[in-house]
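Heads up: the structure comes next, in structure tokens.
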Amino acid sequence: MTTTPTIHPIQTIRKLIVEVIDARDLLPKDGQGSSSPYVIADFDGQRKRTSTKFRDLNPLWNEKLEFVVTDPRTMDAEELEIEVFNDKKMGNGGGSSRKNHFLGRVKLYGTQFAKRGDEGLIYFPLEKKSVFSWIRGEIGLRIYYYDELVQEQIPEGATQETEAVTQVVESKRPQVTLVHEGDRFPPDIPLPSETAQETAQYPPTVIVEESPSPETVQPEHHQIPPDESFPMARPVTQTEPSHFPPEVRKMQTSVGSMERLSTERVRVLRRSNGDYAPRVITSRFTGESERLQSYDLVEPVHYLFIRIVKARDLSANGSPYVKIRYGSYSVKSKPAIHRPGEPSGNPEWHQVFRIGYNRLDAANSTLEISVWGGTSEVFLGGVCFDLSDVPVRDSPDSPLAPQWYRLEGGGNDQNSCKVSGDIQLSVWIGTQADDAFPESWSSDAPYVSHTHSKVYQSPKLWYLRVTVIEAQDLHLSSQSPPSPTTPEIRVKAQLGFQSIRTRRATSNHSSSFFWNEDLIFVAGEPLEDQMILLVEDRTSKEAVLLGHVVVPLGSIEQRLDERHMASKWFPLEGGAGGGPYCGRINLRLCMEGGYHVLDEAAHVSSDFRPTAKQLWKPAIGILELGILGARGLLPMKTKSGGKGATDAYCVAKYGKKWVRTRTITDNFDPRWNEQYTWQVYDPCTVLTIGVFDNWRMFSDVTEEKPDYRIGKLRIRVSTLESNKVYTSSYPLLVLLKSGLKKMGEIELAVRFACPSLLPDTCALYGQPLLPRMHYLRPLGVAQQEALRGAAIKMVAAWLARSEPPLGPEVVRYMLDADSHTWSMRKSKANWFRIMAVVGWAVGLARWVDDIRRWRNTITTVLVHLLYLVLVWYPELIVPTGSLYLFLIGVWYYRFRPKIPAGMDIRLSQADTVDPDDLDEEFDTMPSTKPPDIIRVRYDRLRTLAARIQTVLGDFATQGERLQALVSWRDPRATRLFIGVCLLVAVVLYTVPPKMVTVALGFYFLRHPMFREPMPPASLNFFRRLPSLSDRLI
């Protein structure tokens, strides 16, 4: 029997394109001052070669190499190796069999490949193959991938069979429907406590307008009458349910174990900050492990999950709903929906519930699920489950398939005649690692929309560089007063809330005006905004618009390196002259992808990767954070009856990824037990964790209630040992107007999974911290701080549009938006930090002074002997110093930190801060204080500035005295100085330098009985030198 082949598209093939454009400044290797380079690309076992360019150190190829990606799912882990060689056959040694000269290589990974349409030309510096290689130059590549549909011939019979199977699969696939949830019952609105009112007083913030978030349904709690009991649930099919074999469950705990965890004793380390210092807490997660296990940093908590899918053949009713009862807990689902064209007796819910599960209490408990009419409250049937038969699902098992169960009526039910149909559901026991956990309706968090755990992503931010070059044919206003000077023409650029104005233009006494000025903005994806540039004549008091131009951000070219971008002329429109042509302006626009857009302070940043994904390096490890819980939180609100309460949730931020735990309502000792992971690209980064009190779940669409801060801490990744679990308790500290306050403690488990001595990890410590463009075309400090403020606003506005929203007050607190504001406390802290840094020099000076004064005769004699050895054998100075530093490092290994450090109150000067300094720190800008208080603060600042002024004057005086040695401002002093210099030169030319060094050293270390108490002559001579202070007015 023959079959007819049929063309049928069944496969998608991904292709990787490597465009080798050119290379620059290659190393000559042919012995004649040049090279004949060619390129070999190796990807996934496929090797491609370009042509050879004869004797060219700056070759231009413009060749395209095509590769097939074997498995697109693992493309990110694949490596592309580009190697450049010198072809010896093109040189004098044409017949030589020796290997071609190596000119450099570039290693790239799949994470750096761009999709077609997003690619750009990138110049990669050529790397060495070994330590002894001599390589220079860079190569320009354009790398991208795309998916291509491939048609395959298959027999007709096989085609029919495949289509039949596809139809069966599609008929059984659950349909996904968008459900608009109804109104929820508003909870009792609590009142903020005194502590919460203090924490709500943030520094001045920027208000970001946002659209109100949609309302969500609150699960209603109902008690099913005791006379409604159902027989045990049985599937619709006649076959018995399969019995699960005994299995090893690695996350099984009971309530008793949880109670033991909550009553663990805490071992307190020796510390200087008392109750404000982090503590080590005992845990079963200790030691080092090279093997990564999922969700092993937190204590597993078991839940009973119920997935309600749909029903069929129910009695006709409006919008039925489902009631779930387990023990004393009862919950009501949202009203059902009906698909168009489906019978009214086939409603759908597609909803998951989770209930706290206790293995001991569940032994004699049952789970009852009933269906009720939406408006008539008519009982439509129910099922009952014995919890001893409910299966346990451990991640990463696949989701449990829902089954059809026959609805049964109660024994004493009067409406048993209306009971009919089946319900499709699944019930299982899982933990917080379950896939259904984030979206399930919880018994401990009824206000679903604002209490779920969520993962957020910061928007992709770009620096937009606008170079205003020149404007021509401007129609100047005739109303401007005549002026012999050039008119004051300026360009104002606007992008959203950002606005920058150029300086005054220069002119060559014609109709052309020149600026050549760079304006930099922050732009966020999707690039749907428009850049507006206004040309204004500000010669008179009133600015006159000479024209404007609107540029969509999507039309601006992206640049990933420092290559030159061509400028364009844009016609101006809408000038005061009213004509169709108002002149033109020359602009150079580009989206800078080679910079990292800072939204955090540089010293506490969690990411330094550039915007362009093609420039990212591969990750070096995984950062795992287990948020265990909190202890002893203070009440943040007052509910009905005057009872204090706290509804706490935790937020963690690292890189572009934000995570938010679920909200534990009305609990001063919440236990989250949630675990999250991040990829680490640079170990010298900081993880930020904050705890907040949830107020948005009590707000409606007409008002906005900000969440109150409870505390924050930072953990630097580089301080973590590789593959070691740190389980610690950290104090939650908040600085209020009344002073420092401890709001509670948070318990965390942290692990940095990374090979200890991976060469790439060690090499990172010798590479620049920021991307390459920050050093080729650096940004000013003030400019970078202004751009950071714009980036924070954009991130806050982006996250506020999520569901549930992450409020602007949370984002600003996590990103330290007010870190640049003036604070007397921070100034004192920085001063004492400087004193601590130079403390080692002060200690060394005191030790030398003790040696000179012969406080310890034995030590002084030993120093004399060591000095003689080092002078007589100077080649031992560097090795001895290196060995001494090595021994110091080994000695201090005993005192290394046992846990990652948290917030230090003494370093922050928070324990001794003056109340007036705190009041000034929390003041707004501009100040809202009375004039008398502002005058006192201004006088205090003047006093502080006077001291700084004196110190700066002393530094300048010492420098001017050094200059006066040879400047002849004091002729006698200069004659003495140059005479002494001549004498020293003659002595050193005639006397061996070792003898002079020994004599000077012994003279410096002479016994006090041979030393006078007065200052030496050299110091007296220096202090008598003139400075320029006598010329100051």
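Glycine too: its Cβ is placed from the backbone N, Cα and C atoms.
In TrEMBL, annotation is done automatically, which means it is predicted and not curated.
For reference, TrEMBL has these:
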type	residues	note
DOMAIN	1-123	domain 'C2'
REGION	175-259	region 'Disordered'
DOMAIN	285-405	domain 'C2'
DOMAIN	442-570	domain 'C2'
DOMAIN	604-730	domain 'C2'
TRANSMEM	868-893	transmembrane segment
TRANSMEM	976-1005	transmembrane segment
May I ask for the residues of the chain that lie six or more residues beyond the transmembrane segment (976-1005) and have a Cβ under 8 Å from a Cβ within it?
851-852, 860, 863-864, 867-868, 871-872, 965-966, 1021
The answer for the transmembrane segment (868-893), taking Cβ pairs under 8 Å and residues 6+ beyond its ends, is 994, 997-998, 1001
Going by DSSP, how much of the domain 'C2' (285-405) is helix, how much is strand and how much is coil, in residues?
7 helix, 50 strand, 64 coil
Below 8 Å between Cβ atoms, which of the listed ranges 1-123, 285-405, 604-730 makes the most pairs with the domain 'C2' (442-570)?
604-730
Across the domain 'C2' (604-730), DSSP labelling yields 10 helix, 62 strand, 55 coil
